[in-house]
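What follows is one structure encoded as structure tokens, with my remarks underneath.
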Amino acid sequence: MKLQILGSGAGLPSKNRHTQCIILDLVDEINQYYCVDASEGMQHQMLHTNIKPSKIKNLFITHLHGDHIYGLPGFLSSRDHQGGKDIPLMIYGPKGLKNWLDVTLETSRSHISYPLEIIEVAPNQTFNVDNMTIEVISMQHNIECYGYIFTERTEKGELLVSKLRDIGITPGPIYKEIKESNTFLHDGKVYDTNDFLGPEKIGRKVIIHGDTRVITDNDYKEKLDGADIIVHESTYLDGEIEKAHQYHHSELSEVLSNFKSIDFGRLLITHISNRYESDDLILIQERYRDECIFASDFMEITIPRKS
Ligand SMILES: [Zn+2]
Ligand SMILES: [Zn+2]
């Protein structure tokens, strides 16, 4: 599992940053990519990577500001011709997404041959997709806006083959049956399967925010607890807290102090304004390098299992 950043910029693109588009690479787990937000140029960015559009079967939109969705019609149209012809795609996002897409695709006479389903989500909704539980969390922005909590299912540990051999069970289809059951019978004795399994593979938790002011509610903070990685915006990096608040965005020092009480792994800062393109950014990165990672386009971050 890893994150791959296709766009790390805020509202306006710059020479080095496209606007927000984040890939959750699940190729090793389920041979798919999830995509969060669909910035203008996302399909061009993808051409510089190994990502196949047909392997994106679930796409999540945080909100309907243009910097997060203007790449969607182009991506959807091209996917048809990039191996995605019959491969279904689900898009999750706020109310209004379906109407916008219907009008855009119809007006531009875009023909999409694969099954396309648009699901409009609501705050606190939880649903399962593949091996993930996904929870929708409300952001504090000037338009309906969400974050998504992706929690991978915890899997049983590996079968301990040598232990099974010790009681006289040799490899074969029986191993699968044993792994799938809680107990098994052998030579007239009942065994507990857990005694023959290695440590559980604990599911990973990845949280990707949409645009937001810093959220201080305890309910929200509890949801973040235990995350392996949190992706949070910081349109403002250098002390302009009032301005960030005024424009419904976040400022870095405020994000960092808000997360101090939360127990989590790494923090990835993204949605970085195009004002920070100079040496200033290097200095800011240096100052905070022990506290967070700063996203850049094409950055990849591996998310290892805890066990
Ligand atoms: Zn934005
Ligand atoms: Zn926005």
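Every residue gets a Cβ built from N, Cα and C, even glycine.
Features of the protein shown, as given by TrEMBL:
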- HIS63, HIS65, HIS141, ASP211: Zn(2+) 1 binding site (BINDING)
- ASP67: active site, proton acceptor (ACT_SITE)
- ASP67, HIS68, ASP211, HIS271: Zn(2+) 2 binding site (BINDING)
Message: According to DSSP, does ASP67 (active site, proton acceptor) sit in a helix, a strand, or coil?
response: helix
- request: Around ligand 2, within a Cβ distance of under 6 Å, which of the binding-site residues HIS65, ASP211, HIS271 show up?
  value: HIS65, ASP211
Query: Within the set HIS63, HIS65, HIS141, ASP211, which binding-site residues show a CB-to-ligand 1 distance under 6 A?
result: HIS65, ASP211
Message: Taking every protein chain in this structure into account, which of the recorded positions ASP67, ASP211 has the most other Cβ atoms within 10 Å of its Cβ?
response: ASP211
ASP67, HIS68, ASP211, HIS271 excluded, remaining Cβ within 8 Å of their centroid (Zn(2+) 2): ALA10, GLY11, THR19, GLN20, ASP37, SER39, THR62, HIS63, HIS65, GLY210, GLU233
- line: With neighbours defined as other CB atoms within 10 A, the best-packed of the binding-site residues HIS63, HIS141, HIS271 is HIS271
Message: I need the neighbours of the Zn(2+) 1 site defined by HIS63, HIS65, HIS141, ASP211. Which other residues of that chain put their C-beta within 8 angstroms of the C-beta centroid, in sequence order?
response: THR62, LEU64, HIS68, MET139, ASN142, ILE143, CYS145, GLY210, THR212, HIS248
- prompt: To the nearest whole angstrom, what is the C-alpha distance linking HIS65 (Zn(2+) 1 binding site) and HIS271 (Zn(2+) 2 binding site)?
  reply: 13
- request: Would you pick out, from the binding-site residues HIS65, HIS68, the residue whose Cβ has the largest number of other Cβ atoms within 10 Å?
  value: HIS68
DSSP-derived class (H/G/I helix, E/B strand, else coil) of ASP211 (Zn(2+) 1 binding site): coil
